[in-house]
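**Q** Found this in TrEMBL, in case it helps:
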- A:1-22: region 'Disordered' (REGION)
- A:33-55: transmembrane segment (TRANSMEM)
- A:94-116: transmembrane segment (TRANSMEM)
- A:94-310: domain 'ABC transmembrane type-1' (DOMAIN)
- A:128-148: transmembrane segment (TRANSMEM)
- A:183-208: transmembrane segment (TRANSMEM)
- A:239-258: transmembrane segment (TRANSMEM)
- A:294-314: transmembrane segment (TRANSMEM)
Amino acid sequence: MAVSTETAPADRAGTGERTSRARRAGRWRTTLTFWYFVGPFVAGLLVFTYIPVIWSAYLSFFEARNTVSPASEDFVGLDNYVAMLRDDAFIDSLGTFTVFAAFIVPLTFASSLALALMLNKVRLARSFFRSVFFLPFACSYVVASLVWKMSIFNGVRYGMANSILDLFGIEDIAWLFDPSPPWYWLVIVTLRLWIQCGFYMILFIAALQQIPEHLYEAAYVDGAKPGWQTFWHITLPQLRATSVAVLMLILIAAYQAFDEFYNLIGNQAYARPPLMYLYNTALGTVQDLGKGSAGALILALLIALVTVLQGKFLGFGRSEGQ
Amino acid sequence: MVASGNNPYEKALAGLAMNRRRMLALGGLTAGAGALSACGGDTGRGDGDGDGITLYQWYHEYGEAGTQEAVKKYAEAYEDATVVINWVPGEYETVLSSGLLADKPGDYPDVFEGHLNRSMVDSGQVVPLDDILEDVKDDYTTDDLARNTIDGKVYGIRMIDDPQFLYYRPSLFDAAGVGVPETFDDLIAAAAELTTGDVKGIFLGNDDSATKMFQSIVFGAGQTLLTDDNQIGFDADTVLAGALKVKELHDSSSLLVGAPTEAWDPSSFIQELCAIQWCGLWALPAIQEAHGDDVAIMPVPGFNGGNPTVFNGGWDTFVNANSEHVDEAKAFAKWLWIDNEEYILDWNLSYGFHIPPRLSMRANAEALADGPAAEAVRISEEYGWAENPNWTPTMETAVDDMMTRIVLEGADPESEFEAAQGTIQTELDSIFG
């Protein structure tokens, strides 16, 4: 692992031995400091991420119901992978994710960029508005789900949304548990938008502040008008690297959607994203850790593949403006 | 004997608080190591006293007031071991599944309540209890024994019987000129009559209003989930005709969906959000407190000429096969849930109503002697059906998905039935060959 080694100032007046000892002590201190800060995180990553992933890969080759340490005779090779790929419910869950991503990725991107552009123009109380929009990001999905489910979008007459509809004489809507029409997408998408827009907005604001002012000035000299023209030809190209990163982050977060589905709807066939299905298979009542692990690895590979392809096509890693 | 402060999570939090102070005193890295070691060493659970044996007993969180105090009282009264209660809120079955995979005493339960399924036996998680039930097997209903039996061995002791049925208020029926429904068609019509601007006709549940009717359709037709030789016990015609009736109810505007609480909680009925509600016997005292004598119950009416049905739910106690103290855990389970009439009746009748599973004790259950409670006992015995431990969660998910897609999404019934049948058959083949 690369360690930044900034040597202690040498004692030029001292002997070579003293200088060497001081240098060694300095290096030791630097190394200690490095591990002091990095060690706990490396240990956490190892214990809570890498070991479970490796163990999960191991389990995926076994018939492992109600056990995390299957016997060698329970080895089933790739059977769990085949079973998951033939499992309609798992494939359907990927379909559910696709619909979810189709809504949430463009909406989050457009909303957070719009908020960032507006805040970048605001001169008055900018910090206040930035905080207001960022604050929901600090709220947990569980808490927000309960507020959305119990207060705003419950299906009875005193739910907030139904109360408003009632003013216009519209009958109560069971927002979450009647999929025809699929109002539950409105609940799920608005919740995630409310929580995550502020975070991506901050990323865009940071990128907007890096765009050199002289680019706009030069454009104005050349006759460009403020507004759509400069946004399309200067701002958006300059935000390219940030936009690509934001798109990838939103998509990965969508793949990992669990909390709001779990808390809002539960295990329903019509709105069951991949993680929800895998949770039920491995950790819920089914307790089939072999198939659950195989499904988790298939999903991880899918996320990695999509991320790499997206990065390749959209140019992840290129600098702003390239 | 019972350990005080028996919530391990509270103790763990206390442990963390102490470690935070230590961290301030000693500096980050040292204290970080201290925190890790302390987490391992102090489970926060009380040490045993007397002979030093400590048994860990797990319950799901019962909603009725006084239940947690009651189980502590029972544990405290036991003299042969210290019994530590773990009262688990939230998704109990998931927490229990993880607990049963643990190796360290205290991380797993020695005695726990739950529901038997074959994989628990196949993976060696529970021990047979035939020896401690030997003398009293005749004192349980056939269903209560069958739901705890796999391959001829009994693994669970029935603690409570919880029949589930439909509550209604006779005054609302009288006002609407509606008689008590005798068929599911009657129920659909009655729900429509009882629906007003503010009150829906019937509440079956938010996320399971379509799925929970599957078993009623099957058992009402005299069929079963799995036959004695573990083949699929229901046919497409019966299931699909019933599912389309449930769809008819869903397509009407008389079904309450999206209530703030689920159907196991009587709040929707108490708050007059619905005129009829599916719920269990446990809720009767709370409902009677709210509506007085204006409360009656009925079984789920039969579908398409079938019989009425009542789901006989409930909870059972098991002994963890991986426990260090299997014999002591069995002795405790026997003491509390087989022999102790005082506590069995207390648990069944003092905190919401349940039917005592020991038949000989039912005669002493005065609270169930008349009114809707007595009717609950009667319809439970006449129309009741029980779970089958060979019916796995995967099979349940398959039929739940089928019902959801037919009833809520209008999917093609035949193809959905075939899909569910295929999943169930695959599961049966993998278990029974």
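Note that Cβ sites are derived from N, Cα and C of the backbone, with glycine treated the same way.
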**Q** Pairs of Cβ atoms less than 8 Å apart decide it: which stretch in A:33-55, A:94-116, A:128-148, A:183-208, A:239-258 has the most with the transmembrane segment (A:294-314)?
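**A** Ranked by Cβ pairs under 8 Å, first place goes to A:239-258.
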**Q** If you count Cβ pairs under 8 Å, which stretch among A:33-55, A:94-116, A:128-148, A:239-258 touches the transmembrane segment (A:183-208) the most?
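**A** Comparing A:33-55, A:94-116, A:128-148, A:239-258 against the transmembrane segment (A:183-208), the winner is A:94-116.
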**Q** If we skip the immediate neighbours and take only residues 6+ beyond the ends of the transmembrane segment (A:128-148), which ones have a Cβ under 8 Å from one of its Cβ atoms?
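**A** Result: 115, 119, 122, 187, 190-191, 194-199, 201-202, 205, 259-260, 263-264.
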**Q** Which residues of the chain, 6 or more past the ends of the transmembrane segment (A:94-116), have a CB below 8 A from one of its CBs?
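**A** For the transmembrane segment (A:94-116), the sequence-distant neighbours (Cβ-Cβ under 8 Å, at least 6 residues beyond its ends) are 133, 185, 188-189, 192-193, 196-205, 208, 239, 243, 246-247, 250-251, 254-255, 257, 270-274, 302.
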